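If you check TrEMBL, you get these features:
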type	residues	note
REGION	1-22	region 'Disordered'
BINDING	His193, His258, His329, His535	Fe cation binding site
REGION	548-567	region 'Disordered'
Amino acid sequence: MGPGSGTFKAPNQRSRSEAPAMDIIFGRNKKEQREPVRATVTGKIPSWLQGILLRNGPGMHTVGETRYNHWFDGLALLHSFTIRDGEVYYRSKYLRSDTYNSNIEANRIVVSEFGTMAYPDPCKNIFSKAFSYLSHTIPDFTDNCLINIMRCGEDFFATTETNYIRKINPQTLETLEKVDYRKYVAVNLATSHPHYDAAGNVLNIGTSIVDKGKTKYVIFKIPAMVPGAGKKGQRPLKYTEVFCSITARSLLSPSYYHSFGITENYIIFLEQPFRMDILKMATAYIRGVSWASCLAFHGEDKTYIHIIDQRTRKPVLTKFYTDPMVIFHHVNAYEEDGCLLFDVIAYGDSSLYQLFYLANLNQNFENNSRLTSVPTLKRFAVPLHVDKNAEVGSNLIKLPSTTARALKEKDDQVYCQPELLLEGLELPRINYAHNGKRYRYVFAAEVQWSPIPTKIIKYDVLTKSSLKWGEEHCWPAEPLFVPTPGARDEDDGIILSAIVSTDPQKLPFLLVLDARTFTELARASVDVEMHLDLHGLFISDADWGTGKHPSWEEQDGASDGHVAPQT
């Protein structure tokens with residue numbers, strides 16, 4: 001997709017090097033770098049930047065002679081950049097999930113992922129399937145937590161979209177205990193994009209499938225601190241509370257969702273027509289099909305906008321809706337003059353998920369990508385108080401700051417028509433100090449000829465202008481904003497992004513950009529097999545509680561405390 005144009009590069013404009021590049025990035029298993037290796041730094045890293053950039057994403061797609069169907073099914077590979085006094089150390093380790101251990105022990109895929117159904121018994125006949133049928137009706141999902149990293153009090157967890165999360169050591173990348181959300185709140189699925197308030201409390205949303213005859217979306221809160229937090233066995237998860245719940249419009253077809261929005265007083269949940277068929281999921285195992293095949297986009301349906309008042313913990317009664325769309329990432333939301341504004345990256349259908357099947361990534365990719373819906377930054381405006389005397393068809397939004405409209409309809413329904421801000425961007429991040437508040441800047445990956453990131457973009461939602469960073473053969477990961485200590489301006493800080501290269505002669509590196517000017521401050525190159533990751537976070541030393549991380553000696557048992565630089 002062209003920058004802001006939504007057009008795809010024609011196949012004959014595509015360079016010959018891009019075809020093997022797809023296999024380098026997506027098809028090959030990546031090796032771990034279990035011991036920290038020193039990066040070669042060019043430029044100067046700001047002296048105040050001290051901490052760990054911790055990232056997560058799929059790194060292994062074949063086990064023995066078996067292969068995952070979908071890129072999002074790959075086994076989780078954690079990697080980190082520890083930044084200390086201008087130096088950078090890199091390491092990576094596979095998450096030692098139960099899924100990973102079972103697969104490696106069997107030397108083949110024996111645990112199902114969303115796009116790949118696996119059978120522990122290699123004799124795939126109807127009888128072996130039938131014996132396992134009941135246990136897969138509402139499946140015990142994978143703990144292959146490959147999407148994001150979540151902070152919960154002083155603990156860090158690798159997360160995915162199932163009911164399982166895995167505690168990890170952010171310094172050593174060691175995998176610790178397996179945690180089942182269901183012990184604390186009745187959800188079978190949960191997002192990997194929770195929100196955090198100023199106190200560090202976690203707010204997240206999950207789906208409870210046919211619980212007590214109802215399928216509902218459950219918003220739950222995990223406190224940052226708990227009574228007797230210093231005592232052994234006390235963990236914030238034990239004090240998880242249900243904040244509120246929303247009954248799904250369909251008992252057997254709940255919406256898929258990847259994130260949600262929040263403001264100071266409200267929560268925004270989009271129930272989109274990208275839905276899971278529970279009955280099909282219940283029989284997927286015996287039918288020999290993946291759970292992903294039970295997910296379908298219903299283009300004839302609407303997208304319903306649920307607004308929950310955090311003060312009353314109840315939904316706003318007005319029924320808001322918009323056109324059918326698929327949303328993976330909310331960007332931000334805020335309140336302005338009696339209205340709630342929220343920005344999302346929207347697709348016209350579910351074709352993006354289809355594109356990331358490995359068969360599509362490695363064959364005829366340019367033709368497949370031209371059929372993919374264009375990711376578009378859209379701004380919606382919702383009136384928090386609807387005038388009952390307003391005429392049917394009238395626009396309820398009077399804000400001069402947006403062209404988004406909310407049209408009153410009969411039966412207390414309001415149709416929301418968004419303002420289109422920019423096409424061709426994904427993996428959005430903001431200065432999180434502005435989360436839920438009025439903000440100005442979106443930092444994201446720009447996607448040009450396909451959903452593959454080619455540049456990093458800073459988009460100004462106020463002036464509609466942008467700055468970009470890009471380099472040939474470089475694919476940037478999600479750009480993460482880290483504020484300068486004591487910063488007052490929203491863009492006073494730096495951008496961190498892990499860059500993978502499609503050129504075998506060019507090493508992958510950590511990029512450090514000045515967030516204000518988008519000029520390069522430094523890069524830290526590492527001679528390793530770095531994978532294209534999904535999401536992560538930065539843990540600053542000042543944020544760590546003790547104010548400092550254990551040294552390398554404590555982490556690795558090194559006798560002299562030094563790590564040889566990479567050559």
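The backbone N, Cα and C atoms fix where each Cβ goes, and this holds for glycine too.
Since the structure is predicted, the reported quantities are computational estimates derived from the model, not experimental observations.
Over all protein chains present, the Cβ of His535 (Fe cation binding site) has 21 other Cβ atoms lying within 10 Å.
Sitting within 8 Å of the Cβ centre of His193, His258, His329, His535, and not among those site residues for Fe cation, are the Cβ atoms of Ile147, Asn148, Thr191, Ser192, Ser259, Phe328, His330.
Neighbour counts of Cβ atoms within 10 Å were compared across the binding-site residues His193, His258, His329; the minimum falls on His258.
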